[in-house]
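Asker: Below is the structure I would like to discuss, written out as structure tokens.
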Amino acid sequence: MVGVYDDDEVILHAVPKLRKAGVKISEVYSPFAIHGMDDALGHPRTRIGIAAFLFGVTGCICALTLTIWTMGIDWPMIVGGKDPISIPNYIPITFELTVLFTAFGMVTVFFITNGLGPSLVNPNMFDPRSTDNKFVMAIDLKGNRMTEAEITQQLRETGAEEVNIKQF
Amino acid sequence: MHVTSPVRPPLVTGAKTYADVTEDICRHVEAKPTKEWWVAFIISVVVLIYGTACVFWTWWEGLGVWGLNKTVGWAWDITNFVWWVGIGHAGTLISAILLLFRQKWRTSINRAAEAMTIFAVLCAASFILMHMGRPWMAYWALPLPNAFGSLWVNFNSPLVWDVFAISTYFSVSLVFWYIGLIPDLATIRDRARNKVSRFIYGSLAMGWNGSAKTWARYEYISLILAGLATPLVLSVHTIVSMDFATSVIPGWHTTIFPPYFVAGAIFSGFAMVQNLMLITRVVYKLEDYITLEHIESMNKVITLTGSIVGVAYLTEFFIAWYSGVEYESYAFINRATGPYWWAYATMMTCNVVSPQLFWSRAIRRSVTWTFFISVIVNIGMWFERFVIIVTSLHRDYLPSSWAMFSPTMFDIGDYIFSFGFFFTLFLLFSKFLPVVNMAEVKAVLRSSSETLPKKVAGVAKGERMTSPTYNKDVQ
């Protein structure tokens, strides 16, 4: 069951009302980020930051290993009268590689967790206008105890301008 | 309690609805290229072909075709490199630093500015390849075990840091830009009428669905990427400045270089953004999205960074005298009064004097003046790099090897190449991709509504009456 809303504000207020009334909402699709929507839907906070941090640590360790091993151990070299292992000189490269690993690692995780990948169409297309100007609420009738008519009425009351049924 | 200043002007004018935003931006992507676009594109491609021929000849014959000599071993190549890298910095500043500062006006210009960043960094990288003379040996800059014994690259050298900094900067900027593009590509995919565009935009959008979970993660990684890109962009120009500052050439060996270069980079980059956006907004009729407010805000940044650059010039001069080092003092006196005095005077006029005109509100808000001063600023910033590089080198410790530099047609031709390359890429971008970030513009369209009750919202004069729903409610 698909509820189509015209306004981000209306749908943001509709979500807690519907959840209170006992409607289980599968997901909300919108053309832009609505702040507070994930909280309203009760989604857990994303853990992508932890992944990013771990990638950053990996990058940092790789960079230090590379510079210290090549410059100080594999072929020790004195440049400009400095110690073969002079950490301050390696900080720029360590920083760059930390950023590189974090960014690419995090973005890879982002693609995987969101299921973004080679695909010509949107596999979760409930309404094509959800990338343009409409805010779409998807409700799985199988997972809900309420009847279709009850949910329809609830959606209408909270401001949905269209309620459609879609088979998958 | 959230307080909104009633005098704050709207970011998007013309009472746009969400559908209007989609329509206004997508129209240009979906329509056939206009005649003006074709004219501009053909000119760019012709320039690019001429430039490519010059670059080809530079590589074929060797760097002897340039005007370099034993004394001046770096000239236009590195000048152009620093100039283009500097221009690139504005895009990251707009998309990352202004995101961290929660400056909502960035949303209308960040897409095009980031595209400019990517193309400018490519132009800069092309000068690195050119000045190597033997670009097929470029991989020598990478830390690879090689056939000459396992002698590694020198990680103590800023030139090697540069390799890492520029490539990280380029690839992270590209990723940041692409992540921002995905929601808009999905919009175009869902509107596409014909098979070809459905295939192209569909595959680029990678099945984006705009669910609340996806958006939450999107916002989260945008914030982290901005947090990463901010120190990254500062590090890049810092390292570029260290290419000079860690040497012992008078005029280069100064600790002021990193902040001075970063300010100069932002200064020239914003000027380039102004030039590009002023043309784009007229050609694509985006006056409601890129308003005078945006232009004025960018001009304020230009004045600020231009003033920082001006202070840096004066500080440098003062310290050269105050240090008591005769070589350093001579380098600066020679800059201002030596045979290259005209380059120094151009730099001072364009970079220090011209941005001060923006203290006048009328000039700051005038499209013609903004365009004109932005061009002047970019000329000035090119001369700044020329002054730093050529006038520091041409007279150093040994008067018997003092020399002058004059460019040949290949110095000039290789510079022209970068313009052809840049504008060809930018024109392709502006035709085939959405020039304004639709998703982010839609998100700020009614910024203050979350906290203002609807009955009150839109009543106060000058309040953000940008949302059509407000107007409906008020009526």
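In case you wondered, yes, glycine gets a Cβ from its N, Cα and C as well.
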Asker: Choose the correct range: of B:136-156, B:220-240, which one does TrEMBL annotate as transmembrane segment? Give that range.
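Answerer: Feature transmembrane segment in TrEMBL: residues B:220-240.
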Asker: Could you tell me whether the transmembrane segment (B:415-436) and the transmembrane segment (B:37-60) have 3+ CB pairs under 8 A, leaving out pairs under 6 positions apart?
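Answerer: Contact between the transmembrane segment (B:415-436) and the transmembrane segment (B:37-60): present, because at least 3 Cβ pairs are under 8 Å.
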Asker: Can you tell me which parts of the same chain pack against the transmembrane segment (B:260-280), counting only residues 6+ beyond its ends and a CB-CB cutoff under 8 A?
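Answerer: Residues 82-83, 85-91, 93-94, 109, 112-113, 116-117, 120, 234, 237-238, 240-241, 286, 290, 294-295, 298-299, 301-302, 305-306, 308-309, 312, 316, 351, 355, 367, 370-371, 373-375, 377-378, 381, 384, 426, 430, 435 contact the transmembrane segment (B:260-280) from elsewhere in the chain.
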Asker: Using Cβ atoms and a strict cutoff of less than 8 Å, what residues sit near the transmembrane segment (B:341-359) while being 6 or more residues removed from its termini?
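Answerer: Residues packing against the transmembrane segment (B:341-359) from afar: 264, 267, 299-300, 302-303, 306-307, 309-310, 313, 335, 369, 373, 376-377, 379-381, 383-384, 386-387, 390-391.
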Asker: Sort out the residues at least 6 away from either end of the transmembrane segment (B:371-395), same chain, that have Cβ-Cβ distances under 8 Å to it, and list them.
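Answerer: Residues 71-76, 78-80, 82-83, 86-87, 244, 249-252, 264, 267-268, 270-272, 274-275, 278, 302, 306, 309, 330-331, 334-335, 338, 340, 343-344, 346-347, 349-351, 354-355, 357-358, 363, 402-405 contact the transmembrane segment (B:371-395) from elsewhere in the chain.
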Asker: Can the transmembrane segment (B:113-133) be said to touch the transmembrane segment (B:415-436) if we require at least 3 CB pairs below 8 Å and skip pairs under 6 apart in sequence?
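Answerer: As far as Cβ distances go (cut-off 8 Å, pairs 6 or more apart), the transmembrane segment (B:113-133) and the transmembrane segment (B:415-436) touch.
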Asker: Apart from its near flanks, which chain residues at least 6 from the ends of the transmembrane segment (B:80-101) lie with a Cβ under 8 angstroms of it?
Answerer: 109-110, 113-118, 120-121, 123-124, 127-128, 131, 166, 169, 173, 176-177, 180, 222-223, 225-227, 229-230, 232-233, 236-237, 240, 261-262, 264-270, 272-273, 378, 381-382, 385, 389, 414-415, 418, 422
Asker: Going along the chain, which residues at least six beyond the ends of the transmembrane segment (B:159-181) come within the CB cut-off of under 8 Å?
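Answerer: Beyond its ends, the transmembrane segment (B:159-181) has Cβ neighbours at 85, 88, 91-92, 95-96, 110-111, 114-115, 117-118, 121-122, 124-125, 128, 141-142, 153, 204, 218, 221-222, 225-226, 228-229, 232-233, 235-236, 239-240, 242-243, 433-434, 437, 440.
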Asker: Against which stretches of its own chain does the transmembrane segment (B:220-240) lie, if we need a Cβ under 8 Å and a gap of at least six residues from its ends?
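Answerer: That would be 82, 85-86, 89, 92-93, 95-97, 99-100, 158, 161-162, 165-166, 168-169, 172-173, 175-176, 179-180, 258, 261-262, 265.
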